[in-house]
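Just below is one structure, and these are the notes that go with it.
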Amino acid sequence: MAPVSKADKKVAVDAAAWMFNVVTSVGIINVNKALMATYGYSFATTLTGLHFAFTTLMTIVLRCLGYIHPSHLPFPELLRFILFANFSIVGMNIAKLSMIPVSCLLEMVLDKIRYSRDTKLSIGLVLVGVGVCTVTDVIVNSKGFLAAFVAVWSTSLQQYYVHYLQRKYSLSSFNLLGHTAPAQAATLLVVGPFLDYWLTEKRVDMFDYNLVSVLFITLSCTIAIGTNLSQFICIGRFTAVSFQVLGHMKTILVLVMGFFFFGRGGLNLHVVIGMIIAVLGMIWYGNASSKPGGKERRSYSLPTTRQQKLGAASDSDDNEDKS
């Protein structure tokens, strides 16, 4: 049996990480839909705080078992990450289509990434397809625009920061979660009930917590552990832009599963066409970005002048004479 090459192993691990993210993300969306639509639990921010509380428990258990080793993350970096992440959570559902262009801009400015023409066109095709699937009625007002602007930029910065912090401080996905999940849980559980009351005019402590609703909340929090972990793994292995492009596959799966399980928003012709366009765009993006020059960091090495070339040639001739 031929030994598995490094490249094949990387592809297998990348695929497993991506499938882990897709399964947990689609699962948690459908569980939350059932929880909110069927049982009226509309306290989304508080629920997210509970998600991170469960994730924190997971990191504590892993630390006790020796899977998470001591690491350092400066407090200012942690504070910036929490601000971006929490603003993202509060308002992200408003304008997801703007995420890819903003993530591209951040990578181009901060990481000096350059995209080929095919890569840019493939991203555009994905946006068109997802737009056809999901955008049916657009109403723009000042509050909605402001919320969308804050949500898009904070989410883009948060996802960029996941990749940046892992590279800069040599943190694994488990290590980074160990630093960020407790802080996010604490802040969201403090702010969440007040924000949810402002949005829904209902108090989270007055909700009718029966056995079934508590089971759904627990299931949502359990799946969230895998969602949070897989997001950090995927962004760490790929980039924020790749995560967003391929992430729209989850949007398509949610639409399909929503049709089968909830019977709302049926798969009419324009939705199906949008799905096909988006999938073609994702395939194109995967092919274009993996080619040489499809997505690469710019090199800022000093240009070689004619005089330098002549000098190097003369040095080479001298060395040959000496040998």
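Every residue gets a Cβ built from N, Cα and C, even glycine.
Over in TrEMBL, the protein carries these features:
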{"type": "REGION", "residues": "290-323", "note": "region 'Disordered'"}
{"type": "TRANSMEM", "residues": "15-35", "note": "transmembrane segment"}
{"type": "TRANSMEM", "residues": "47-69", "note": "transmembrane segment"}
{"type": "TRANSMEM", "residues": "81-109", "note": "transmembrane segment"}
{"type": "TRANSMEM", "residues": "121-139", "note": "transmembrane segment"}
{"type": "TRANSMEM", "residues": "145-162", "note": "transmembrane segment"}
{"type": "TRANSMEM", "residues": "174-195", "note": "transmembrane segment"}
{"type": "TRANSMEM", "residues": "207-229", "note": "transmembrane segment"}
{"type": "TRANSMEM", "residues": "241-263", "note": "transmembrane segment"}
{"type": "TRANSMEM", "residues": "269-288", "note": "transmembrane segment"}
Check: If you count Cβ pairs under 8 Å, which stretch among 47-69, 174-195, 207-229 touches the transmembrane segment (15-35) the most?
Finding: 207-229
Item checked: Long-range neighbours of the transmembrane segment (174-195), counting only residues six or more past its ends (CB under 8 A) -> 43, 45-50, 52-53, 55-56, 58-59, 62-63, 67-69, 71, 73, 78, 81-82, 85-86, 89-90, 162, 165-166, 203-205, 228-229, 232, 236
